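What TrEMBL lists as domain 'G-protein coupled receptors family 1 profile' is 43-292. Marked as transmembrane segment by TrEMBL: 27-52, 64-89, 101-122, 142-165, 200-227, 239-263, 275-294.
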Amino acid sequence: MVTLLWKNQTIVEFVLRGFSSIQEVNIFLFMMFLVFYILVVSGNILIVLLVLFSHHLHTPMYFFLVNLSFLEIWYTSNIVPKMLLIILAKQKTISVAGCLAQFYFFGSLAATECLLLAVMSYDRYLAICQPLHYPILMTGPFCIRLAAGSWLCCFLLTAITVVLLSRLTFCGPNEIDHFFCDFTPLVHLSCMDTSLTETIAYATSSAVTLIPFLLITASYSFILAAILRIPSGTGRRKAFSTCSSHLTVVIVFYGTLIATYLVPSANSSQLLHKGFSLLYTVLTPMFNPIIYSLRNRDIHEALKKCLNKKPSFLR
């Protein structure tokens, strides 16, 4: 076990075990996750570029979608490259500073996604339930404040947990049975009383997951009531189509979080827990661009214009 002195404490260099229990399929896992990572990055970059270069997509809904796509790129890039390295490499170590940094960005970005999804549901609520006031309420500066507030709030809250983690003494064993540095495996390696750290971490994580979830639920309750009041079936379908993609993303995101963190660890294997973790760290970011573009007429039109646009030297 490698040790080093960090802030006058004996700190171990952690070993990420990854998928060491199924080493016989390492090459297959590496290729599969590499393809998934390429799809995540390319799909979300495509969404960002389409919105930036298509003037008819310069609306609040797509402004928040760009934030979400940028977040997904950063979120996946924080975990997958290191995961690919430990799948193939014999040396699976990660420094303490690197481990804390990875957890900081993971926690901050996951929390930011919760708030952004809540903000996007509020945007859909205003667009459907208060269409006449929507242009007045959802102005450009207000959208920027909502997005910036979501990012800043979550990065500051997660910093509190990381500071508390950095004050813990880790005295072995130094193996983390996961493919990234998550909170629970880290805390379990400490030989100090972690009750204060765990209490504050669970309080902050509950606040940034449950409160947005309640806001999303309330927004869609009003949206559903408004849609049901529309007399024509065509009108109802058109109104629902404007929020169906976002609702699908919310269900997938919160569904995977619930499956991962509410399944009792005593009744499930660590391999199963890793499988659930893959859902929200790799698969959900990959599906989001697909979900938003599959039945989105605006995205389809923007993509067609880009594909049909001739380069300047061919005109």
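Residue numbers in this text run from 1 along the chain shown.
From the backbone N, Cα and C atoms, a Cβ is placed for every residue, glycine too.
Keep in mind that TrEMBL annotations are predicted by a computer and have not been checked by a curator.
Touching of the transmembrane segment (64-89) and the transmembrane segment (142-165) is concluded from the presence of at least three CB pairs under 8 A, sequence neighbours closer than 6 excluded. If you look at the transmembrane segment (239-263) against the transmembrane segment (101-122), you find at least three C-beta pairs under 8 angstroms, all six or more positions apart, and that counts as contact.
The list of residues near the transmembrane segment (142-165) in space but at least 6 beyond its ends in sequence, with Cβ under 8 angstroms from a Cβ of it, reads 60, 63-64, 67, 100, 103-104, 107-109, 111-112, 114-116, 119, 122, 183, 186-187, 196-197, 200-201, 204, 207-208. Tertiary proximity for the transmembrane segment (275-294) is limited to same-chain residues at least six positions away from its ends with a CB under 8 Å from its CB atoms, namely 33, 36-37, 39-40, 43-44, 46-47, 65, 68-69, 72-73, 75-76, 79-80, 106, 110, 178-180, 182, 245, 248-249, 252-253, 256-257, 259-260, 263, 300, 303.
Mean model confidence for the domain 'G-protein coupled receptors family 1 profile' (43-292) is a pLDDT of 87.
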